[in-house]
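**Student:** Structure in structure tokens, see below.
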């Protein structure tokens, strides 16, 4: 099954070449020492580090998941992750300045600032190995599985071969350019992915004659009661998301799951900020973009997908189906480039962040020679 015209392929390959070129260009900034490689010499401005944060959480499968959630749980179903905004605000106004003030290289290193002795050392080493090798591998695995699903469905290519190519591209520019390359390419990747998402939402809605026509068709297909449930932002008027689940999301889930303290790769970005002010503003911008801006194009496409494909078996494929049905040649290639961008923006962060744990919190403390740390970091990603 082949959907892409030559001009579409040209756009996709052109985008990949641009990303690799940027990585090579920024390699000089990253290879000076371990601080330049993992925290960009603590010189990142707020808008760059904040965009990198939100780009990292924008994987290739994120639009598919959100649009699929609209079909199965309605718009209110997104409270599953919208509830995380409360932890985000806690991080903005309390933790961000403390992370930057600590001047550590990774959040795992904080274990030996907060505690002391052999137990602290064991905790730091365990966290470094667990998150870099076990947790990180699982995350990259599901991101690659989603990308394989997308490339297989859209391009008709052998799934894992196509994903392997994308992964190698991410490894090349990430290992060459360190965190500088990650955040700069993340910025470009986020802009590309968001532009294509917004463009798809606008084109798809206009094909039906506007959002009012989409909602009218939705009512015809689903009935008044179900349409009300699908379009409800709060679950008070939704039969798809029980109020009990909503209360669990907003009252319990956000503070009992990971990164409530703004740790992991979020902390890495704040540790890389120019100062405490840039750390706070960057995390604030990331939360605004993550919770208030980027969701809505995917929700709109999710509504269109219900109207255009009411009997779709796989809810998450609705986004792909809408894209293939309504985007013309050229724009389809740009949309595929957007998916590649979303994939790369997640993988590059996982690679750099995981390597920072292995090098700073394990290898460096046991057998690390300062002059070899960057070289070993290359090898960790490969």
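Each Cβ is built from the backbone N, Cα and C atoms, and glycine gets one as well.
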**Student:** Looking at 99-122, 195-218, which one does TrEMBL call transmembrane segment?
**Tutor:** 195-218
**Student:** Quick one: which of 160-183, 256-279 does TrEMBL have down as transmembrane segment?
**Tutor:** 160-183
**Student:** Using Cβ atoms only, state whether the transmembrane segment (195-218) and the transmembrane segment (160-183) have three or more pairs under 8 Å that are 6 or more apart in sequence.
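**Tutor:** They are not in contact.
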**Student:** Near the transmembrane segment (322-344), which same-chain residues lie under 8 Å Cβ to Cβ, leaving out any that are not at least 6 residues past its ends?
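**Tutor:** Beyond its ends, the transmembrane segment (322-344) has Cβ neighbours at 3-5, 7-12, 15-16, 19, 58-60, 62-63, 143, 147, 150, 154-155, 166, 169-170, 185, 188-190, 192-193, 195-197, 199-200, 203-204, 207, 301, 304-305, 308-309.
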